[in-house]
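Undergrad: According to TrEMBL, the protein carries these features:
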type	residues	note
DOMAIN	B:70-275	domain 'ABC transmembrane type-1'
TRANSMEM	B:21-40	transmembrane segment
TRANSMEM	B:76-97	transmembrane segment
TRANSMEM	B:104-126	transmembrane segment
TRANSMEM	B:159-181	transmembrane segment
TRANSMEM	B:202-227	transmembrane segment
TRANSMEM	B:257-282	transmembrane segment
Amino acid sequence: MESKILKPILAVYVGLFILFLYGPFIVLSILSFQQGPEGGPQFPIIEWSTYWYQHLFGLTPPSRIAPLPVGEALVRSLTLAFMTMVTATVLGVMAAQAFRKRFRGAGVVFYLIVLGMMVPGVLTGLGTSLLANNVVGIERHWWSTAFLAHVVYTFPFAFLVMLAILNRFDGSVEEASWSLGVSPITTFRKVTFPLIFPGVLSAMLFAFTLSFDEFPRTLFASGRDQTLPLAIYGTFSVEIHPNIFAFGVMTTLFSFALLAVYGILMGLSVRRAKKMAMQEDIA
Amino acid sequence: MSAAIGKRQKATTFQLLAPGVVWMILFLVAPIMMIVYVSFWTQTTFAINSTLTLDSWRNFFASEAYVGALWTTIRLWLIVLTLTFLIGYPAALYVGLLVKSKTVATVLLVLCVIPFWTSFLIRVLAWRPMLGKEGAINIILQKVGLIDTPIEVLLFSELSVIIGMTQIYVVFMVGPIAFMLGRIDRNIIEAARDLGAGFGRIFWKIIFPLSLPGVVVGAIFVSVMVLGEFATSGALSGRKVNLLGNIIVTQVGSLKWAMASVVGVILTILLGIVVAGFLRIVDLKREI
């Protein structure tokens, strides 16, 4: 009875909630088409233009507004995200694989790994830079200290994703393979891995995107060469221009593209699994 | 024979775990220990040495600005936590429980989760053109005729930090709650309804208690992230709101490693108390 009134009210509420989530970004996207170079980062739109997108790619004549220093930062961020993705996923798959067997101290190890995603970046970042700066005495770089901190952060995500997948995994197919005399490593490659592949894909997506956007750890743990989030943060302190809005639209589109690639690969692997299951049925 | 297999299995488990565990000990536990250790080091103007002292700790508690940052952090955390819960719960209730169609529920959930994959700093920045004096909200309110002069406290104030953080972190509350609500056996609710219970009663006696683990997980996520914040508070308050995280950043910026470490330790203790407190409400291990 009450839920008959409640449901439409909540439906409207959820609509407003989603507007709250996306509103700022929508406004930012609109303002990224502001006229340039005179147009400021606010309404009204003087004239619609793609000036700030051209500005971003260095296609506009020089003006008093300096181009965003994103070129090299982008390459660094992509490299770092890729390194982090590979390392975190490998560590995550290995650790989750170990958790399929009961062992002493499992609880402690579990919390030790999960701690990596729970400790705020400002603390891991500070600790890592203290260690590098004052104890080991090495210079901090995005590819060394920041990389270590990024893996600490993303490895738990990969681990939890893999744990969820392996919990639902039927071990009898592996046993069948072993009993046929196939070595454990070949079994993992030929039997286990294809079955857990969707999980691996999710773990990779988590690790890549989290590392690509990572900011607090990188701020402390990387040296003078900036990654993309650091370059964005640098613009916060100065007067902002619509070029940073155009940049925001581009990075968000990039995130969406990654999600789309993930979705397609996921769909393909699910379809392949279905096809294999059907072949088995026929046989 | 079986002992040999058991031994080999142990060795495999060890090999699989060793790299990850070593990584976490060296690059997570050691750095945190380091923060505790360095907080007792001696700070000179431009350098730091490992002579142990309590000076930095004394300086922290003697400084009104630092202790003030501690209270600001706690106050903002409580406000944002409450807001994310109050705003997030009804949305999670609809998405996780009330929507009948599976497709609609999935679409809504995906819409709620997508912001998680986009750049955090861009989400912070996106509030600038919304809240400014000539921002979207002021323009809309003026057009509608609700206000004559633009509201200035919307940007570069504590309010803007609260609005920004709530929007950024509310999805971490919605996700876990919607997940727990989705797992509720609909037959229990049917049964209660058949026995004549009204929605209010069903909600408080069945739905809310069963969703509590989700609330706790969401609250832990939000708390950990808000307590460790410095970017949102810095960028949306025009450096007026100083959280513990902001103090750490400025101290490191001026090479005051010892003071940064003191603040780091205080933040760690605060986090420990908060997370332990939440875990006392619900035994998460039993729930999952």
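Backbone N, Cα and C atoms are what each Cβ position is placed from, and that goes for glycine too.
Remember, TrEMBL labels are computer predictions, not curated facts.
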Undergrad: Is it true that the transmembrane segment (B:159-181) and the transmembrane segment (B:76-97) have 3 or more CB pairs under 8 Å, sequence gap of 6 or more?
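TA: By the criterion, they touch.
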Undergrad: Under a Cβ pair cut-off of under 8 Å, which of the recorded stretches B:21-40, B:104-126, B:202-227, B:257-282 contacts the transmembrane segment (B:76-97) most often?
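TA: Between the stretches B:21-40, B:104-126, B:202-227, B:257-282, B:202-227 has the largest tally.
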Undergrad: Go through B:104-126, B:202-227, B:257-282 and flag the stretch with the largest number of C-beta pairs under 8 Å relative to the transmembrane segment (B:21-40).
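TA: Ranked by Cβ pairs under 8 Å, first place goes to B:257-282.
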Undergrad: The transmembrane segment (B:202-227): which same-chain residues, six or more beyond its ends, come within Cβ distance under 8 Å?
TA: 73, 76-77, 80-81, 84-85, 88-89, 92-93, 96-97, 165, 169, 172-181, 183-184, 188-189, 192-193, 244-245, 267, 270-271, 274-275, 278-279, 281-282, 284, 287-288
